[in-house]
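**Q** Okay, so Swiss-Prot annotates it like this:
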{"type": "BINDING", "residues": "Cys48, Cys51, Cys55, Cys83", "note": "[4Fe-4S] cluster binding site"}
{"type": "BINDING", "residues": "Lys85, Gln152, Asn177, Cys181, 214-221, 245-249, 264-266, Met374, Gln378, Asn484, 510-511, Lys533, Asp560, 719-728, Asn803, Lys820", "note": "Mo-bis(molybdopterin guanine dinucleotide) binding site"}
{"type": "BINDING", "residues": "Phe795", "note": "substrate binding site"}
{"type": "DOMAIN", "residues": "41-97", "note": "domain '4Fe-4S Mo/W bis-MGD-type'"}
{"type": "SIGNAL", "residues": "1-30", "note": "signal peptide"}
Amino acid sequence: MKLSRRDFMKANAVAAAAAVAGVSAPTLAANLITSTDKTAITWDKAPCRFCGTGCSVLVGSQDGRVVATQGDPDAPVNRGLNCIKGYFLSKIMYGQDRLTQPMLRMTDGKFDKNGNFAPISWDQAFDIMAEKFKTTLKEKGPTAVGMFGSGQWTVWEGYAAAKLMKAGLRTNNLDPNARHCMASAVVGFMRTFGMDEPMGCYDDIEQADAFVLWGSNMAEMHPILWSRISDRRLSHQDVQVHVLSTFEHRSFELADNGMVFTPQTDLAILNYIANYIIQNDKVNWEFVNKHTQFRKGVTDIGYGLRPTNPLQQKAKNPDSGDSTPMSFDDFAKFVADYDLESVSKLSGVPKDKLEKLAQLYADPSKKVVSYWTMGFNQHTRGVWANNLCYNIHLLTGKISTPGSGPFSLTGQPSACGTAREVGTFAHRLPADMVVTEPKHRAIAEKIWKLPEGTIPEQVGYHAVLQNRMLKDGKLNAYWVMCNNNMQAGPNMNEEGLPGYRNPANFIVVSDPYPTVTAQAADLILPTAMWVEKEGAYGNAERRTQFWHQQVKPPEGAKSDLWQLMEFSKRFKVEEVWPAELIAKMPEVKGKTLFDVLYANGQVNQFPKEQSKGALNDEAEHFGFYVQKGLFEEYATFGRGHGHDLAPFDQYHEARGLRWPVVDGKETLWRYREGFDPYVKAGEGVRFYGKPDGKAVIFALPYEPAAEAPDKEYDMWLSTGRVLEHWHTGTMTRRVPELYRAFPDAVLFMHPEDAKARGVRRGEEVIVSSRRGEVKTRVETRGRNRPPKGLVFMPFFDASQLVNKLTLDATDPLSKETDYKKCAVKVVKA
């Protein structure tokens, strides 16, 4: 879309009116230019490049460069508002160290694992990549090649990657960095409901009576949603906000009931609430009897560590997600052990605060939304935490209805739309299908026009296991795209860097900037970013949003989609598929993987002319409307069974649509009659992801963390983010205003803990764990206020790699890393 000056000024007026109405008004970005008459700025819409909220922005470009951004007043998510990061989106692509040429480690003009980076051509880059991948495939087979992708990939980039890896190279060693943030939510949804992603939407905010935050600092991590919650709370005196965390943060400033609990004891608190509901006869029996079943989960499942780790060897049921049926009475007996007295003692939360929280959930007149993010998910029992929260909503019937429901928030712009829905996990296929299910593989092979048996049934290496296999020399040709896992991954010293520098391995990193991960690689490929390409993201409320390419990338930088498809041309089918597989479909003989995967009569069916009116480098290069072909093929996976997506062209007109989209209408609340087209008249509620239409209430206990403070390492360490920076700071630290606002990471610490160590605010300390150490400065004031015995350190700072300290323990069911709990000691530097 192109806006006239009048339209643009009108948009500003709408945003101003929203501010007058009581919503915090945005301050326009310092570089925003408003007179299109004088500057001839072209405006178009795009979703924000940062978190999973899915705010829409207006992007202003001039002379081939993005020069301004503003919150989109027509966007239902953010209603014209931006957070501080969104204000400066126009600057994220223009860091001085932007990469524009492939770079290979070389000595004397030849590849050398220990050489220095030198520029090469794209042909040279793909030549050596193809050589290394082909050699690995020939000598070790498909299990020795892999890819680490991203919840920041566009939908079609993730889909193209899934096709290349799972079908083309015939390996499931594809996993996204969303494994580190959303995998526990995925498994939690699947176990309880049989389908992934939230049943509610952001419209719940304006209809809820109360909000409960479980391990989610929405004030800094989802500030636009927090502005809507704040507006609801401050405009309605009876609305309540309850916040639970292992330390106080900015969200506590609005809390009616703030609770700081001992790490890992959220499990016990959740069971206490279920017990309170039962003991006080607040169970919604009509709902429970009709729509739920009870099961007891297997316990003592380990901590996702290496099999040689003593903790893993001690586990009686390592990695087991099994469960057995149980009655309501047995469930009631199970949670009866979690009484107010014992849970208060275990968690450290005063009894009156716990009881106030339980009363809120139990009150049938109160509509409650539960929000959580990494506090639940990055947890060695993260799946259990998700399941236990669902228990509370199911026992009370406060679910799938306007203003009530559990809601897992996402941290990346397309962790839902790309990682989860497309299925770029090591065990998944599109639309909740999995590689271990023969019927699902058959569906994928049919849609992709592949011979039976192309997709392997073996689950691939998940994120943490990929690093372990790199270190052990079992994963040898490896491509990292659109993430900075060397900085973001756990236990960097022992399990991260060794694999990248293993002489047996060839590591490729695609990125716009020379990140920590890129600098550990053998080959770096320069990447186009955000509106330098056409894209699609899926946000936390199931909203799929499209954008057009609005500017060209720097000469030499190519989109991830271009890289994936162009690289596929380097492989003949005979080089990667066994003869018996080719014999099932002789017509593929002599073809390249590009021909089979992307020129299959479906992906290439739309002429490039259909993308006229906007830039589209990929359409021009490949000769067809690549994005439309990939999307329409992908959409066939979900249509007709609850994952319906609208036709491609509809998304370019809308500000996003929430799936399932049936007959052009989006779905706001799933599983509820009157809102969800898959629930028939008279059913009321049906959790149709389960064969019997019933959700599962699980009996699951409190179990301790993998590592806790002891005499030597006497403090808990929790890691996370801050408002001004996003993840590893690759983009935000290159924005001068954001860098100045929070230039360096610090260690947030209780003043008495600092005093006991002879440390004053601002002084340097050494933080060490059993795995490594970092030097940083202490902060005893400000936004984060840890209790005694716990410290918090953000991970955005490449000069202070906090993940040298963290433990690579994971949830055994989801394989998601626990970044919130390990033991450290702090001494004055």
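Cβ coordinates come from backbone N, Cα and C, glycine included.
Show me how these features fit into the structure around them.
**A** When Cβ atoms from all protein chains are considered, those within 10 Å of Cys83 ([4Fe-4S] cluster binding site) total 24, not counting its own.
For Met374 (Mo-bis(molybdopterin guanine dinucleotide) binding site), the same-chain residues 6+ apart in sequence whose C-beta sits under 8 angstroms from its C-beta are Cys181, Gly215, Ser216, Gly411, Gly720, Tyr819, Lys820. In three-state terms derived from DSSP, Met374 (Mo-bis(molybdopterin guanine dinucleotide) binding site) belongs to a helical segment.
In the three-state DSSP scheme, Phe795 (substrate binding site) falls into the coil class.
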**Q** Using a 10 Å cut-off, grab the number of neighbouring Cβ atoms around the Cβ of Glu220 (Mo-bis(molybdopterin guanine dinucleotide) binding site), all chains included.
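**A** Around Glu220 (Mo-bis(molybdopterin guanine dinucleotide) binding site), other Cβ atoms within 10 Å: 19.
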**Q** I'd like to confirm something. Which of the binding-site residues, Cys48, Cys55, Cys83, Phe795, has a Cα closest to the Cα of Val722 (Mo-bis(molybdopterin guanine dinucleotide) binding site)?
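**A** Of all the candidates listed, Phe795 is nearest in space.
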**Q** Measuring Cα to Cα, how far is Lys533 (Mo-bis(molybdopterin guanine dinucleotide) binding site) from Cys48 ([4Fe-4S] cluster binding site) in Å?
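**A** Rounded to a whole number, the Cα-Cα distance is 14 Å.
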**Q** Can you see whether DSSP assigns Glu220 (Mo-bis(molybdopterin guanine dinucleotide) binding site) to helix, strand or coil?
**A** helix
**Q** What binding-site residues in the list Cys48, Cys55, Phe795 lie within 10 angstroms of Lys85 (Mo-bis(molybdopterin guanine dinucleotide) binding site), counting C-alpha atoms?
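**A** Passing the 10 Å Cα cut: Cys48.
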**Q** Around the Cβ of Phe795 (substrate binding site), how many other Cβ atoms lie within 10 Å? Please give the count over every shown protein chain.
**A** 23
**Q** Using an 8 Å cut-off from the Cβ centroid of Cys48, Cys51, Cys55, Cys83, can you name the remaining same-chain residues around the [4Fe-4S] cluster site, in sequence order?
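**A** What remains near the Cβ centre is Phe50, Thr53, Gly54, Asn78, Asn82, Lys85, Gly86, Pro223, Ile224.
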**Q** For the binding-site residues Lys85, Lys533, His727, which Cβ has the most other Cβ atoms within 10 Å, all shown protein chains included?
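**A** Per the Cβ count, the most surrounded site is Lys533.
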**Q** Taking the Cβ of Gly215 (Mo-bis(molybdopterin guanine dinucleotide) binding site) as the centre, how many other Cβ atoms fall within a 10 Å radius?
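**A** That number is 25.
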